[in-house]
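What TrEMBL shows for this protein is this:
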{"type": "TRANSMEM", "residues": "14-33", "note": "transmembrane segment"}
{"type": "DOMAIN", "residues": "19-306", "note": "domain 'Sugar phosphate transporter'"}
{"type": "TRANSMEM", "residues": "45-67", "note": "transmembrane segment"}
{"type": "TRANSMEM", "residues": "88-109", "note": "transmembrane segment"}
{"type": "TRANSMEM", "residues": "115-134", "note": "transmembrane segment"}
{"type": "TRANSMEM", "residues": "141-158", "note": "transmembrane segment"}
{"type": "TRANSMEM", "residues": "164-188", "note": "transmembrane segment"}
{"type": "TRANSMEM", "residues": "200-219", "note": "transmembrane segment"}
{"type": "TRANSMEM", "residues": "231-254", "note": "transmembrane segment"}
{"type": "TRANSMEM", "residues": "261-283", "note": "transmembrane segment"}
{"type": "TRANSMEM", "residues": "289-306", "note": "transmembrane segment"}
{"type": "REGION", "residues": "314-338", "note": "region 'Disordered'"}
Amino acid sequence: MADRRVEGFFKGEVLTYAYLLLYISLSSGQIFFNKWVLSSKEINFPYPLALTLLHMIFSSILCFLLIKVFKVLKIEQGMSAEMYATSVIPIGATFAMTLWLGNTAYLYISVAFAQMLKAIMPVAVFILGVAAGLELMSCRMLLIMSVISFGVLVASYGEINISWIGVVYQMGGVVGEALRLIFMEILVKRKGLKLNPISIMYYVSPCSALCLLIPWIFLEKPKMEARGSWNFPPVILVLNSLCTFALNLSVFLVITHTSALTIRVAGVVKDWIVVLLSALLFADVKLTIINLFGYGVAIAGVVAYNNHKLKKEASRGSPSESEQPESVAMVTSSSSNK
């Protein structure tokens with residue numbers, strides 16, 4: 001009996017680490033995959049809006065097939081037309097904004113620097129949360145926000161080849177993601193609807209695709225028609241879109257088998273892996289001591305922020321809510337994320 005318990009324990013541990021490894025690998029790989037597609041001379045497809053639109057269309061079709069046709073997955077019930085109009089549409093619009101601007105930033109700045117700028121996310125979420133009445137201003141939170149901001153500023157100062165256009169795009173993506181998380185929190189706390197990542201993709205992907213289609217028609221479609229020459233093999237397109245979907249699925253698996261704390265720690269590990277690997281994979285990445293020091297300070301602030309949020313949520317006695325932001329963050333998005 002004891003042997004079976006030990007065996008079951010080790011099987012559970014191995015499975016947990018396997019899911020974490022899958023999440024970190026897919027999350028990191030998707031970032032590099034998108035950067036390669038957008039920057040590669042072989043494919044010649046510098047259209048981040050079009051790429052993100054293709055991802056959302058692919059996700060919408062695949063979710064529909066899995067849920068409505070093959071009935072492999074189930075979605076939570078309770079989504080009304082009023083709730084869709086007031087919550088899902090704003091979430092879809094801000095998600096589209098996040099992916100569009102985040103992917104566009106890769107045309108101007110390195111993967112490593114983009115990742116460093118993303119560390120400012122908790123500051124944007126906190127400021128918007130205070131404005132929306134979801135967060136309370138405190139000396140502890142002000143200190144944490146100051147540490148994160150200082151770290152990002154130092155990392156930016158240490159960047160050798162800085163492009164302010166890329167910084168503006170990346171910061172726009174950060175604001176879009178912060179707005180999306182605020183809308184998600186309103187959807188969960190004020191309207192009481194809890195959705196897993198599959199349900200979120202099912203509801204949000206078509207809305208995001210529509211929000212991306214409109215600017216694509218006016219901004220990138222004329223350029224693509226005028227240029228008329230790119231080599232985007234269908235196999236690469238399907239693999240790229242499939243990786244995005246698989247990443248969302250891996251988040252669901254990690255959340256199901258671990259905790260909110262575990263996936264947040266995994267997210268920090270993933271960020272460092274992306275920064276260090278990008279220095280090895282891309283010639284345009286030149287990391288400096290100032291870069292790494294600033295990013296280290298910012299990550300320390302992010303860890304303190306996560307710890308503070310988890311303790312606060314645990315004191316309320318609502319573990320399901322503590323996991324909810326991560327389950328809906330869709331860090332598997334085409335740009336980055338959670």
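Using the three backbone atoms N, Cα and C, a Cβ is placed for every residue, glycine included.
Curation does not apply to TrEMBL; its annotations are automatic.
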With pairs restricted to those 6 or more apart in sequence, evaluate whether the transmembrane segment (164-188) and the transmembrane segment (88-109) have 3+ C-beta pairs under 8 Å.
yes
Under 8 angstroms, Cβ to Cβ: which one of 14-33, 88-109, 115-134, 141-158, 261-283 has the largest number of such pairs with the transmembrane segment (289-306)?
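The stretch I would name here is 141-158.
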Sort out the residues at least 6 away from either end of the transmembrane segment (200-219), same chain, that have Cβ-Cβ distances under 8 Å to it, and list them.
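Non-local partners: 49-50, 52-53, 56-57, 59-60, 63-64, 67, 75, 79, 84, 88-89, 91-93, 95-97, 99-100, 245, 248, 328, 330.
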Ranking 14-33, 45-67, 115-134, 141-158, 261-283 by the number of C-beta pairs under 8 Å to the transmembrane segment (88-109), which range is first?
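Between the stretches 14-33, 45-67, 115-134, 141-158, 261-283, 45-67 has the largest tally.
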Do at least three C-beta pairs under 8 angstroms join the transmembrane segment (231-254) to the transmembrane segment (115-134), pairs 6 or more apart in sequence?
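In this chain the transmembrane segment (231-254) does not contact the transmembrane segment (115-134) - fewer than 3 Cβ pairs sit under 8 Å.
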At an 8 Å Cβ cut-off, counting only pairs 6 or more apart in sequence, do the transmembrane segment (261-283) and the transmembrane segment (45-67) clear the bar of 3 or more pairs?
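With fewer than 3 qualifying Cβ pairs, these stretches do not touch.
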Going along the chain, which residues at least six beyond the ends of the transmembrane segment (45-67) come within the CB cut-off of under 8 Å?
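The answer is 34, 37-39, 73-75, 96, 99-100, 103-104, 106-107, 198, 201-202, 205-206, 208-209, 212-213, 215-216, 219-220, 223-224, 230-232, 237-238, 240-242, 244-245, 248, 334-335.
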